[in-house]
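According to TrEMBL:
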- A:1-24: signal peptide (SIGNAL)
- A:52-75: transmembrane segment (TRANSMEM)
- A:96-119: transmembrane segment (TRANSMEM)
- A:139-155: transmembrane segment (TRANSMEM)
- A:162-179: transmembrane segment (TRANSMEM)
- A:185-206: transmembrane segment (TRANSMEM)
- A:234-253: transmembrane segment (TRANSMEM)
- A:273-294: transmembrane segment (TRANSMEM)
- A:301-320: transmembrane segment (TRANSMEM)
- A:326-344: transmembrane segment (TRANSMEM)
Amino acid sequence: MRKQLVIAGLAGATSIAMTAAAGAHEAWLLTPEEMIGLASAPKPAVFTNPLFAAPLAALLAGGVFAAISLEPRWLDLENRLFRPLAERAGEIGPAVVRLGLSVMLFTAALGLLPAAGVAAGTRPTLFVPDMQLKLFDPAWGLLVPVQLALAAMLLTGLGTRIAGLAVAALAVFGLHLFGETFLAYAGHFAVPGLYLAFAGGGKFRLRLPAALAARLPAATALDRLELTPTVYRGLMIVFGLNFAYLGITYKLMQPTLLIAILEHGGFPEFGVGYGLLAFVMTFVEISAGLALVAGVLVRPVGLFLISAFTLFAVTLGETPFFHSNLYAMAAVLVMAGAGARRAAEGRETVRRLGAPAAGAMVEQAA
Amino acid sequence: MTRLFRSRRACLALASSLLAAGAFGVTSLLAETREPPPSLFVRIADGAPVPKLVAHAARNAEGEWTVSMEAENFRFTEICNAATGSEAVGHVHIYEGNRKLASAFAPEKSIGRLSPGRHLLTITLQATDHRAFATRDGMITAQLAIEA
């Protein structure tokens, strides 16, 4: 428990510390005219006046407190309801993540999901629309075939663990190439990449022709990797940390950017105005990230993420492909829940009792 | 055991909610009301020389238009990398409405032929990392009307 509190505290502190510099998350949607308006737009009072911000933040914090406190009351029911999915998470999860990552890699490599004002197919990027490779030495054009090759490997499931590790390495390399701007994305690509490196290809993957397979080693060192509860927990922490960072850096510190994006897409105001709406959205995103870091409310957060991405895609006219990697990892969270921790407890129980614990094994499928 | 689990859960819930609420409280205390989002804009410091831009357009014998720009307190460069230093250095983006016509890394840029009629161009100053230069009052731009 103390460990959880320390982790949550560290996560928050790190997120706040990392907010000094940031890139243009989803700013690729904005037109030049909207940019001109945004440059001179004042921040809403609800973000700048403690008299408005404090009561609202306290109210929302009360909601977070209640949700985390009451989770044990519905957790058994939740686990029963999701058991069929949890049993298959080990097979379906990797397949979904492979598909999500391959879509992002393929479209980025060919510039098929371009930023506003950029013609489709003209600007190859790294992972996301605003990380243009054209800004650098032409040698980095090499990342185009690299991304295509990784997309093909992931789609087919051939060499999934190697491809997953390479995606994670590429996410770290993005930090070197684009600097702090890439912090917004690194965790959200490194985590699914590492997930695949540890979990393998799962279901729906191709097999090499027997003749070719016979010439290759039967197993590599990577095949010994296992998605243990500790690994799954670590991935969840990084994933949640990235959301908390995004919430603080791009929404809390720059609320006019979020409001401009909402206005751009004609997002419904729900009768409360974009300022208040942005405040609530920001609070929920940061809280969701912290919940993942703490390993609580995992399935509700996963469902929230999928719903939020879908709502944004529909209302902003954004293609869901923009967030394929996040959809995929959120789906894994929904399927497996906070399974790893329970699996760890279950394993100890198995060792102690010398008998299989059905519930634990279900969760272990994470 | 159940009671202990609940109290631990309550501690975790309290810590998480305080952390989230604290971030908002601190931010509202520190927030500047008129500060363009730093992920998209490079803010010219108060008191620093503000870049200015004036643009003209001329048509050559082949009917192609060239935009010429006179910049003050701003230096053109072809380099695209992380923006550093206090000097305003970078390039410009030339737009017609919401359509980007060109990026200019030097004070002259050909934008090719234009269809007959009036064209209103907006030219924006961009830093080497493609963020836009802005002051407390907004973006630094130049307008140019061309009768083609």
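Every residue gets a Cβ built from N, Cα and C, even glycine.
No curator has checked TrEMBL annotations; they are predicted automatically.
Keep in mind the model is a prediction, meaning the values are calculated, not measured.
Most Cβ pairs under 8 A with the transmembrane segment (A:52-75) among the ranges A:96-119, A:139-155, A:162-179, A:185-206, A:273-294 are made by A:273-294. If you look at the transmembrane segment (A:273-294), the same-chain residues 6 or more away from its ends with a CB under 8 A from one of its CBs are 4, 7-8, 11-12, 15, 44-47, 53, 56-57, 60, 64, 68, 236-237, 239-248, 251-252, 255, 258-259, 262-263, 267, 301, 304-305, 308, 333. Among the listed stretches A:96-119, A:162-179, A:234-253, the one sharing the most Cβ pairs under 8 Å with the transmembrane segment (A:139-155) is A:96-119.
Sequence-remote contacts of a segment are chain residues at least 6 beyond its ends whose Cβ falls under 8 Å from one of its Cβ atoms, and for the transmembrane segment (A:185-206) they are 90-95, 97-98, 100-101, 104, 127-128, 131, 154, 156-158, 160-172, 174-175, 222-223, 225-228, 231, 235, 238-239, 241-242, 245, 325-326, 328-329, 332.
Within its own chain, the transmembrane segment (A:96-119) is flanked in space by residues 28-32, 125-132, 143-145, 147-148, 150-152, 154-155, 157, 160, 167, 189, 192-193, 195-196, 199, 201-202, 205, 319, 321-322, 324-329, 331-332, which lie at least six positions past its ends and keep a Cβ under 8 Å from the stretch. Residues 21, 23, 101, 105, 126-127, 131, 136, 140, 143, 146-147, 150, 153-154, 185-187, 189-190, 192-198, 220, 222 of the same chain sit 6 or more residues outside the transmembrane segment (A:162-179) yet have a Cβ under 8 Å from a Cβ within it.
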